[in-house]
Amino acid sequence: MACCGGGRGEGAAATESEAYLEGEAVREARELVAELCRHFYGQGWVTGTGGSITVKANDPALPLADQLIVMSPSGVQKERMVAEDMYVLSADGKVLSSPVSKPWPNKPPKCTDCAPLFMKAYLMRGAGAVIHSHGMETCIATMLDPGAKEFRMTHMEMIKGIKGHGYRDELVVPIIENTPYEYELTDSLAEAIAAYPKATAVLVRNHGIYVWGDSWINAKTQAECYHYLFDAAIKLYQLGIDWTTPEHGPINSAKRPRSVLSSSIPNGCPDSKSSKHCVVLDIEGTTTPISFVTDVMFPYARDNVRKHLTSTYSSDETKEDIKLLRIQVEEDLKNGIVGSVPIPPDDADKEEVINALVANVESMIKADRKITSLKQLQGHIWRTGFESKELQGVVFDDVPEALKHWHASGMKVYIYSSGSREAQRLLFGNTAYGDLRQYLCGFFDTTTGNKRETRSYFEISQSLGVDSPAQILFITDVFQEAVAAKSAGFEVIISIRPGNAPLPENHGFRTIKSFSEI
């Protein structure tokens with residue numbers, strides 16, 4: 001019997017031993033899941049038999065990936081859960097232990113419908129626990145902007161409770177569309193997990209949220225923070241306050257009435273005729289000289305990649321970077337990409353692994369590849385450079401004034417660059433003009449899509465919640481990006497800066513040499 005499909009791992013035989021299955025680790029995990037179910041019922045997260053929880057049965061003698069899994073059942077009242085109600089699964093999803101049937105009116109035992117989704121978090125993120133909540137705030141948070149593919153928030157205290165985030169960071173949670181049956185969400189959840197490598201949660205529109213962590217404590221803590229932040233966003237929305245910007249000013253440039261139940265906003269919804277305008281900026285050759293990126297940023301990453309990998313090799317962040325690089329290199333080797341070399345397995349000598357990683361990264365940098373695995377690692381290396389003051393962000397002189405002007409006029413400004421979101425924030429947060437992030441509302445990178453593909457700009461327009469893509473101005477120096485954005489309905493201006501590549505004759509786009517011309 002299998003709760004969900006999956007190949008058998010090398011540690012399967014060991015994890016299925018009778019001693020482990022009947023041992024203290026599994027017993028404690030059963031009791032823990034039952035306790036958490038009862039606790040979350042009181043929070044309103046798992047009422048009406050909805051929602052579910054799963055944890056790994058912690059055995060220090062086994063790698064996390066090989067540990068047994070305990071899952072709550074389906075159809076059992078969460079406030080009455082006991083350890084004996086739990087299912088125990090192998091690391092690859094095979095049911096090893098099922099609860100016994102209870103007399104009427106109890107339903108026959110059944111493993112949670114969330115099982116295949118839980119397994120995606122275990123296999124793709126190396127999770128130690130996953131929580132699925134139906135908390136009301138998780139549903140309403142996805143309704144604030146029905147067209148948005150992401151929930152975004154910044155400058156809110158509890159953001160720092162989310163792994164990899166601080167108070168000033170922008171929290172981005174992907175939103176997937178709901179389906180009639182839970183198992184039908186499996187593929188879209190997996191796609192969201194793959195597309196958002198820094199995310200520790202996925203929202204399901206009008207449904208709930210999946211949250212994972214490397215332990216049950218981490219998953220629980222993050223789940224509590226997410227629920228707090230969603231509740232805060234809902235309350236800020238009711239007050240007409242924008243939760244997506246650092247200053248948390250009035251929504252829609254103070255044009256929205258103070259009461260969301262104003263007669264001018266039927267049923268508390270913003271006037272569909274109200275006009276929203278956004279500016280989306282490229283970085284290289286638009287806000288920043290290409291020479292700064294090619295002559296300063298790239299060489300710094302190239303020259304420090306070995307030092308960075310060596311000093312941080314055992315950190316969770318670098319392990320995730322290496323994991324993404326492995327996936328990319330395997331694909332590159334299949335496609336015959338020049339400069340790609342095999343990366344030894346994790347249990348190989350550290351220096352051998354690092355040597356292979358350095359060779360691949362140097363080749364990627366030389367080819368100026370716009371791939372997420374490289375950009376994420378570069379961002380982490382640059383962070384060290386900015387923190388040590390070895391690096392300082394460079395922008396053209398006209399950029400700060402334009403950002404201030406747009407900000408003061410209520411225009412929302414976003415960045416879309418092939419560099420990681422972290423790298424973007426580092427650049428604008430550490431300039432000779434001070435921290436310019438206060439004028440920016442969000443950051444997009446290649447996790448949104450390739451900058452030369454029209455669908456990427458369609459995704460951005462959906463995230464920004466405008467009534468029409470034509471309400472977005474995109475400024476770039478790259479002709480192919482301009483064409484893609486225009487095809488998505490954006491207004492487009494091409495930036496002419498020193499060092500930029502020449503444009504085709506009769507390209508048909510408006511051009512500027514300074515933001516002051518806009």
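Just so you know, glycine gets a Cβ as well, placed from its N, Cα and C.
Among the features that Swiss-Prot reports, region 'Methylthioribulose-1-phosphate dehydratase' is placed at 1-242, with the record citing sequence analysis. Summarising the annotation, Swiss-Prot assigns substrate 1 binding site to Cys114 and lists sequence analysis as the type of evidence. The Zn(2+) binding site annotation in Swiss-Prot covers His132, His134, His207 and is backed by sequence analysis. Annotation source Swiss-Prot lists active site, proton donor/acceptor at Glu157, citing sequence analysis. The feature region 'Enolase-phosphatase E1' is assigned by Swiss-Prot to 279-518, with sequence analysis given as support. Annotation comment: Swiss-Prot describes Asp282, Glu284, Asp477 as Mg(2+) binding site, evidence class sequence analysis. Summarising the annotation, Swiss-Prot assigns substrate 2 binding site to Ser417, Ser418, Lys451 and lists sequence analysis as the type of evidence.
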Requested in this report: Find the shortest Cα-Cα separation between Lys451 (substrate 2 binding site) and the binding-site residues Cys114, His207, Asp282, Asp477, and name the residue that gives it.
Outcome: Asp282
Report task. Given the recorded positions Cys114, Glu157, His207, state which is nearest to Glu284 (Mg(2+) binding site) when distance is taken between Cα atoms. Result -> Glu157
Query raised in the report: If you take the centroid of the Cβ atoms of His132, His134, His207, the listed Zn(2+) site, which other residues of that chain have their Cβ within 8 Å of it?
Result: Gly50, Gly51, Ser133, Gly135, Thr138, Val204, Gly208, Ile209, Tyr210
**Report entry** Cα within 10 Å of His132 (Zn(2+) binding site) - qualifying binding-site residues among Cys114, Asp282, Ser417, Ser418
**Finding:** Cys114
**Report entry** Between the residue listed as 'substrate 1 binding site' and His134 (Zn(2+) binding site), the C-alpha gap once rounded to whole angstrom
**Finding:** 12
Report task. Using Ser418 (substrate 2 binding site) as the reference point, find which of the recorded positions His134, Glu157, His207, Asp282, Asp477 has the shortest Cα-to-Cα distance to it. Result -> Asp282
Query raised in the report: Per 10 Å Cβ neighbour count, which of the binding-site residues His132, His134, His207, Lys451 ranks highest?
Result: His132
Query - Cβ contacts of Asp477 (Mg(2+) binding site) (under 8 Å, same chain, 6 or more positions away) - result: Asp282, Glu284, Gly285, Thr286, Ile290, Ile494, Ser495, Ile496, Arg497, Asn500, Ala501
Report summary line: For Ser417 (substrate 2 binding site), the nonlocal same-chain Cβ neighbours (under 8 Å, six or more residues apart) come out as Asp282, Ile283, Glu284, Ala423, Gln424, Phe443, Phe444, Asp445
Query raised in the report: If you measure Glu157 (active site, proton donor/acceptor) to His207 (Zn(2+) binding site) at Cα, how many Å is it?
Result: 25
**Report entry** Listed in sequence order, residues not in Ser417, Ser418, Lys451 with Cβ within 8 Å of the centre of the substrate 2 site Cβ atoms
**Finding:** Asp282, Ile283, Glu284, Lys370, Tyr416, Gly419, Asp445, Thr446, Glu481
Query raised in the report: What is the maximum Cα to Cα distance, in Å and rounded to a whole number, among the residues Ser417, Ser418, Lys451 annotated as binding substrate 2?
Result: 8
Query - Cβ-centroid neighbours of Mg(2+) site Asp282, Glu284, Asp477, 8 Å, sequence order - result: Ile283, Gly285, Thr286, Thr287, Thr288, Ile290, Ser417, Thr476, Val478, Glu481, Ser495, Asn500
Report summary line: What DSSP gives for His207 (Zn(2+) binding site), in three states, is coil
Report summary line: Smallest number of other CB atoms within 10 Å: among the recorded positions Glu157, Asp282, Glu284, that is Glu157
Report summary line: Confidence over the region 'Methylthioribulose-1-phosphate dehydratase' (1-242), expressed as mean pLDDT on the 0 to 100 scale, is 89
